[in-house]
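Participant: Okay, so TrEMBL annotates it like this:
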| type | residues | note |
| --- | --- | --- |
| DOMAIN | 4-216 | domain 'ABC transporter' |
| BINDING | GLY36, ARG37, ASN38, GLY39, THR40, GLY41, LYS42, SER43 | ATP 1 binding site |
| DOMAIN | 283-503 | domain 'ABC transporter' |
| BINDING | GLY317, PRO318, ASN319, GLY320, SER321, GLY322, LYS323, THR324 | ATP 2 binding site |
| REGION | 486-532 | region 'Disordered' |
| COMPBIAS | 490-510 | compositional bias 'Basic and acidic residues' |
| REGION | 559-587 | region 'Disordered' |
Amino acid sequence: MAILSIHNLDLSFGGEPLLKNVHLHINPGERICLMGRNGTGKSTLLKIIAGQVLPDRGAVRLEQEARATFLNQDLPADLTGSALAVASQGEPSREQEARQLLTRLAVSPEAAVETLSGGALRRVLLARTLATPAEILLLDEPTNHLDLDTVVWLENYLERLCKSRSAAIVFVTHDRAFARRLAQNVAELDRGTLYHHTCGYDEFLERRDKRLADEEARWEQFDKDLAREEAWLRRGVKARRTRDEGRVRRLLDMRERYRQRRERVGSVDLSLEEARRSGDLVITTKNLSFAYSPEDEPIIDNLSTLIMRGDRVGIVGPNGSGKTTLIKLLLGELAPRDGTVRRGANLHPIYFDQLRTSLDPEKTLWENLGDGYDTVTINGRTRHLLAYMEDFLFSREEVNKPVRILSGGERNRLLLAKFFARPSNLLVLDEPTNDLDGETLELLEQILLDYQGTILLVSHDRAFLDNVVTDCLVLSGDGTVQEYAGGYGDWRDRQNHRADQETQNRDKTAGRGNPSPAGERQKPRRTGTRLRYKEHQELEALPGAIAALEEEEADIHRQLSDPDLYRTVARQETPGGSTQDPGQLSRRLEEIGQELARAYERWEELEARRGDSP
């Protein structure tokens, strides 16, 4: 039985209906992802369910004694007191859980909320939502301002919550990996209509694409029929005969349907203005360290790395680990305490900052984007500003709006439009995916993959990182920065693999040091008879081969981080006569990454077969 039902819901703000005859039923334990483009009314629908907005028509019925709690995307301006008082809402019975949640979300329970940043305050409100006893959780962008590890923790927490409490969750997210993991069903808002899909995220994408293709085919046939009927009517005399009055009425009905038709808004059209190529060497650091004051522990400690032209580097780590600080060091906005940062020749960087400080909230969209001009030039082609803004889904009626009234997704689109009109060969993107809908994210991914320059990317969107980056710099929070080939998923797989190996080694050591008590019969050790003799030998040799590859990988990283390698234009001959070529070393580094991936895959395959052996 549904614990919440929505019937015949309508809402408009003077123009086209935002919500039109919406129906939805929410069952205990159900996890529903509310999907749709920016501006389709997802947050508004959550506010209606929470009782914060009244619809023009329809009803929201909550089962008797059922409770709902709401994480609003908008931050309240009137919060005071400690983080613990806000998260527990002054209820002593909730203090213990609220304290645990705040600690896990990296917020001090004793911190005064008036002093917290927007991101930290958002995490306090998330803790308050999770600590509130409720049968329905309404979560609007719950992963915003969470680091990657915390997003994974939240996924696990919400799954357990649904099972232990039979709580239902309705959530809005732009994080595709989060939606893929949590969503059992998807409710899609499109031009006022809510489509309910009883499937997960990936199947929803297929169903949505088929629905839109079918809709386009139907309207294409409708347009042909309408054109034929209009041509018939223009022929005149026959159309005015009594026996044809029914056909005329049908034509008038078709005209009305055409007038009321709401076309799906076009996709964002992204293109980048690229500057001349930079040099092969973009940024190199040697023994780089930084702290904001001499007595502080370093935020970045002894980092030596090399970034070459065409690299797409993801910078990941917990909140507060120094990701934005590292970007500013690499760009020269901060000076290192120790070590050096060297930037290559002919660099034209663009910095898409997390705080969006490049936008003036009091100026209009036109003023922010045009900077006094009414045209932009993209890859040699001059475009009028109005046409260019339409590429980013801003209508001509919106260009004189002040930026301060835009949604988060609209601000991000405007900033992308502003930056993509500038020539660049180094893109530095600090959380560019916040509040962008899924379709725009996919288009942004494609334009970054086609980009010929170098990219530094900070993001908590795991799918975005996996699809875009070629390497990761991982900040641990204690100053250590490690470099890995591949995306976020590749790094996590390696971490999990190493953790499993350490666990196995500890178990073996414990087994040798602590024999079973007398009389206790041990399980016979599996012999792995399903592996052939040569496969046994291969399995035994793989850990050594993997260690050798990783040692070679680390050695090449050390060589490439040495600025002396680049002081001559031609190849540098070593005393032993071997050739040290940065290009060759980089290609070998790529080969090692592929060899490691194959070695890990083979090791897992053989280990699984051995484990399955009787």
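Any Cβ shown, glycine's included, is placed from N, Cα and C.
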Participant: What same-chain residues, at least 6 away in sequence, bring their CB to under 8 Å of the CB of GLY317 (ATP 2 binding site)?
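Facilitator: Sequence-distant Cβ neighbours: ASP147, LYS323, VAL474, LEU475, SER476, GLY477.
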Participant: Whose Cβ, among the binding-site residues ARG37, LYS42, has more other Cβ atoms within 10 Å than any of the rest?
Facilitator: LYS42
Participant: Looking only at GLY36, GLY320, GLY322, which of these binding-site residues has the biggest number of Cβ atoms within 10 Å around its Cβ?
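Facilitator: When each Cβ's neighbours within 10 Å are tallied, GLY322 leads.
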Participant: Between the binding-site residues GLY39, GLY41, SER43, which lies closest to SER321 (ATP 2 binding site), Cα to Cα?
Facilitator: SER43
Participant: Can you check how the pLDDT averages out over the domain 'ABC transporter' (4-216)?
Facilitator: 91
Participant: Report the residues of the chain - excluding GLY317, PRO318, ASN319, GLY320, SER321, GLY322, LYS323, THR324 - with C-beta within 8 Å of the mean position of the site's C-beta atoms, for the recorded ATP 2 site, in sequence order.
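Facilitator: Apart from GLY317, PRO318, ASN319, GLY320, SER321, GLY322, LYS323, THR324, the close residues are ASP147, THR325, LEU475, GLY477.
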Participant: According to DSSP, collapsed to three classes, what secondary structure does GLY322 (ATP 2 binding site) have?
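Facilitator: Going by the DSSP assignment, GLY322 (ATP 2 binding site) belongs to neither helix nor strand, so it counts as coil.
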Participant: If you measure GLY36 (ATP 1 binding site) to ASN319 (ATP 2 binding site) at Cα, how many Å is it?
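Facilitator: Distance between the two Cα atoms comes out at 28 Å.
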Participant: Do you know offhand how many angstrom separate LYS42 (ATP 1 binding site) and GLY322 (ATP 2 binding site) by C-alpha?
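Facilitator: One finds 33 Å between the Cα atoms of these residues.
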Participant: What's the CA-CA gap between PRO318 (ATP 2 binding site) and SER43 (ATP 1 binding site) in angstrom, rounded?
Facilitator: 28
